[in-house]
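What TrEMBL annotates here:
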{"type": "DOMAIN", "residues": "45-294", "note": "domain 'G-protein coupled receptors family 1 profile'"}
{"type": "TRANSMEM", "residues": "29-52", "note": "transmembrane segment"}
{"type": "TRANSMEM", "residues": "64-83", "note": "transmembrane segment"}
{"type": "TRANSMEM", "residues": "103-124", "note": "transmembrane segment"}
{"type": "TRANSMEM", "residues": "144-166", "note": "transmembrane segment"}
{"type": "TRANSMEM", "residues": "209-230", "note": "transmembrane segment"}
{"type": "TRANSMEM", "residues": "242-265", "note": "transmembrane segment"}
{"type": "TRANSMEM", "residues": "277-296", "note": "transmembrane segment"}
Amino acid sequence: MNISNTPNTSSTITGFILLGFPCSREEQILLFVLFSVIYLLTLMGNGSIICAVRWDQRLHTPMYILLANFSFLEIWYVTSTVPNMLANFLSDTKVISFSGCFLQFYFFFSLGSTECFFLAIMAFDRYLAICWPLHYPTIMTGRLCTNLVISCWVFGFLWFLIPIIIISQMSFCGSRIIDHFLCDPGPLLALTCTRAPAIELTSSTLSSLLLFIPFFFIVVSYALVLRAVLRVPSAAGRRKAFSTCGSHLAVVSLFYGSVMVMYVSPTSEREAGMQKMVTLFYSVITPLINPIIYSLRNKDMKHAMKTLLRT
């Protein structure tokens, strides 16, 4: 790719350079092997949850149907970044096309948005199951569960659509080098020919709303769950109620804790190295850990996984 330092419109740009993790050739190969293993383990772990829910009749309940959909989402979420990152480890130019960059930008943020919505409806499901156990089967029907899943995907893929389209139409100047392993709005906006404070504010506002609205919903749901559990007279009953929520709370903490560091604070206040490490954690490491959390803390899932492994 011919890199020019003169201003160009987006229509004349042939691509960007993703620096990724600059290091020696030998270290690049080691990183390639490491992340290849992580990627395969992530696919296997989340795929196992999907298969377990599909084949074990006892798991055909809203809680596990939502979990299977969440695992399906995690597979695509990690796939939106890792294969290109692996290719970059072995590439000398590390070039990503203009269209490829913005496609990755769109799918990465759309899948991340969908994950926020999924975490919220999974908290809602636990609230209904614990606070309204007698009414739960009539409220959380298969039709409602399906509608909630579809809504998560639709809202997730529409949330950042307009800002991404607007950014893709902007003019980019300079080296077009993105000091990241994926196409992220912060580094991309830094390459525009003119500052776009309105777009930066819109992106930050949408990110904040996306994070805090579902997060507030999750907090309220679990506050009500906690109040209901504390009213349970037996210690065994309280432990059982908490065990059904523990896995989800752990996943929420891992995801939201890292994402809020990235997208709530102003772009200029984060160093490139910090951006890469935090993004790596919630986009690659968290999808790897999630199946382990759900499998270790859930007796029904552990039994289904053991049955699946024996077949």
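Here the Cβ of each residue, glycine as well, is placed from N, Cα and C on the backbone.
The model shown is predicted, which means the values in this text are computed figures rather than measured ones.
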For the transmembrane segment (103-124), which recorded stretch in the set 64-83, 144-166, 242-265, 277-296 gives the largest number of Cβ pairs separated by under 8 Å?
144-166
Pairs of Cβ atoms less than 8 Å apart decide it: which stretch in 29-52, 64-83, 209-230, 242-265 has the most with the transmembrane segment (144-166)?
64-83
